[in-house]
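Presented below is the structure to which this report refers.
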Amino acid sequence: MANFPRLLLLARVLLPSVHAVPTPALPSVAKHDNALEGKYIITLKPNLDAPSTKSHMTWVSDLHARSITKRDTIGIEKTYAIGGWKAYAGEFDDATIVEIKASPEVASVEADTLIPAPKLLNEREASFLVASHKRDLVTQANAEWGLAAISHRTKTSTDYVYDPIAGQGTYAYVVDDSIRTTHSEFEGRAVFGYNAVSKNNTANSNHGSFAAGIIGGKFAGVAKKINLVSVKVFDEAQASPQSVILDGYNWAVNDIVSKGRANKAVINMSLGGDGGPGSGVDPAYLGAINAAYSKGILTTIAAMNDAVPVSQVSPANVPNALTVAASDQTFKTAWFTNYGAGIDFFAPGVSIRGAGAFDDSGTVYGDGTSASAPFVAGVAMYLQSTLNFKTPAELVTKMKALCTTRVRGDLRGSPNCFLNNGNGVA
């Protein structure tokens, strides 16, 4: 039985006449809005062993090489592997994708999709304030409302109260546009990790730095001692294929695992797109995020800003991701936030301050669930650094137990679970 993949490959190579018959119709392939013509993401069956995976990839390369229209397609462009989850992406003609879909090693085939770069709503410049110590906790006086809100359970306050450990020894990987690693907010704790989209590591928007500032900025951040890793998946085009985003995510997970950072790292993705009515959960995102979760890695994802059910939005609809909706300063559901049973937390998402990307002291305000997800990423690692949970499930259980029921307005099926950092302040 161990030789079966090789025999299968040999049969495919030696019997081209079998494929000389007219090409069958292109089988049903999961397609989303903004699908890229001829581009596909192929997920292999779970826990396919290494020899079978290698044989399959060799067969696909040979199949593409023999394709009559190969001159117009690229073939395999990217490969992914997180534990038992394996996938690849590339450009294939119709005849080739028919055969790939029929392969016994393949779990799913979906069209690659162009994902718009996320944008802050109502983006504008701002400035920062300072912190002061108070007993065994730290109080940042006159902090932004979002920080104050997550550190108090009932009363309205203007102070952010937090444990001075503040995420020390933990990591946040920001899959987004680049972080400006030299920004004063990051105090040397931010590094550039990986570029999945271009050779230019410079940021093209404020978005990645903004998210990083909320997670771990000196003044704007939740976990003020966390380490930040930039994973660039958007460039000046301001839209990237899903395969590129998966490449960045795949790199982040494997970097975390290889460096022994599992259970003390989070991946934030303040991005996403409408998968289309009835499309369900995207199989590639589902496989990747579930595989990361099984390795001890949490993923926080913005619910996005279309005022639609979150079940329609990918990757926010993946169950093992922490999906975050937005509230405003009065704890009312933000008018733009997506909603539904797939939401895990509400977090501040209106008039939020973060780091800018175009100079080392630049700051911006912005609205959107792109701001809300980093709050959850920051609190996750803040709690991990103070309580040292053994699994993501334990951490998430604690985070949900700390929630307050402060959210006002029409929840439209979303849980009333407003993020709290657990410092015990009323």
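Using N, Cα and C of the backbone, Cβ positions are placed for all residues, glycine too.
Since the structure is predicted, the reported quantities are computational estimates derived from the model, not experimental observations.
What TrEMBL says about this one:
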ACT_SITE  ASP176  active site, charge relay system
ACT_SITE  HIS207  active site, charge relay system
ACT_SITE  SER370  active site, charge relay system
DOMAIN    39-113  domain 'Inhibitor I9'
DOMAIN    168-405  domain 'Peptidase S8/S53'
SIGNAL    1-20  signal peptide
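This view paints the features noted in TrEMBL onto the structure.
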residue	record	Cβ within 10 Å
ASP176	active site, charge relay system	29
HIS207	active site, charge relay system	29
SER370	active site, charge relay system	31
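Looking just at the domain 'Inhibitor I9' (39-113), the mean pLDDT is 92. Here HIS207 (active site, charge relay system) is positioned 8 angstrom away from SER370 (active site, charge relay system), judged by their C-alpha atoms. In this structure the C-alpha atoms belonging to HIS207 (active site, charge relay system) and ASP176 (active site, charge relay system) are separated by 7 Å.
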